[in-house]
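Listed in TrEMBL for this protein:
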type	residues	note
DOMAIN	6-159	domain 'MARVEL'
TRANSMEM	12-30	transmembrane segment
TRANSMEM	57-79	transmembrane segment
TRANSMEM	91-115	transmembrane segment
TRANSMEM	135-155	transmembrane segment
REGION	183-216	region 'Disordered'
COMPBIAS	189-200	compositional bias 'Polar residues'
C-alpha cells in the first residue's frame with residue numbers, strides 16, 4: 001500500500017478531518033470551558049450555563065469520535081488485505097452504523113451546547129472561555145456534516161458490494177461436486193460442424209481447359 005496514495009483518498013481525508021474536529025471540541029472544553037464565574041466563586045464551573053452535563057457530554061462525544069476515527073483509519077488501511085467477502089461486508093456495515101451513530105451524537109451535542117450557551121449569563125470570568133465555547137459549538141456542527149458524508153459513502157460502498165473492485169474475486173464452493181459456472185460467451189451447445197473450407201480456394205477440375213491427356 002502506497003502511504004501517499006492512501007492519504008490522498010477522500011475517505012482518509014474525511015477521517016483525518018473528523019479526528020481533528022474531535023480534538024478541537026473536547027480539547028476546547030477541557031482546557032478553557034471550566035472557568036471561575038467571578039472572584040467570589042473560586043470553584044471551576046462549566047461555561048455552558050454552569051451545566052456540568054453539557055461539558056461532560058461534549059467531552060464524551062469528542063473522545064468517542066477520536067478513538068473511532070483511529071479504529072476505522074486502521075480498518076481502511078488493511079481493508080484490501082481482508083480476503084473474506086463476509087468480513088468485508090461486516091466492516092462496511094460497521095462503518096455505516098458507527099458513522100450514522102456519530103452523526104446523531106454530534107447533532108445532539110450541537111443542539112445541547114448551543115441551547116445552554118444561549119442561556120449563559122456572561123460574567124467577567126466566563127468571558128475568558130467564550131471563544132473556546134463558540135469553537136466547540138462550531139466544530140460540533142461541522143462534525144455532523146462530515147459524519148453524514150462518511151455514512152453516505154459507507155452506504156454507497158455496501159450497495160456496490162458485488163463490484164469486483166470492492167469485494168474479492170468470485171469464490172467457488174468447496175464442495176467437490178459443485179459445478180463451475182458456464183462460459184459467459186457461449187450458448188452451451190457445441191456445433192456439429194467441425195470443419196470449414198479455407199477461404200480463397202478454387203475447385204480443381206479433373207481436366208483443366210487447354211490440356212489434353214496424350215494417348216500412348
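Each Cβ is built from the backbone N, Cα and C atoms, and glycine gets one as well.
Beyond the ends of the transmembrane segment (57-79), by six or more residues, the same chain brings 1, 6, 9, 11-12, 15-16, 18-19, 21-23, 25-27, 29-30, 88, 91, 94-95, 98, 102, 105-106, 108-109, 112-113, 136, 140, 143, 147 to within a C-beta distance below 8 angstroms of the stretch. Long-range contacts of the transmembrane segment (12-30) within the same chain: residues 6, 55, 58-59, 61-63, 65-66, 69-70, 72-73, 76, 102, 109, 132-133, 135-136, 139-140, 142-143, 146-147, 149-150, 153, each at least 6 residues beyond the stretch ends and with a Cβ under 8 Å from a Cβ of the stretch.
Sequence-remote contacts of a segment are chain residues at least 6 beyond its ends whose Cβ falls under 8 Å from one of its Cβ atoms, and for the transmembrane segment (91-115) they are 18, 25, 48, 54, 57-58, 61, 64-65, 68, 72, 75, 79, 82, 133, 136-137, 140-141, 143-144, 147-148, 150-151, 154-155, 157-158, 161.
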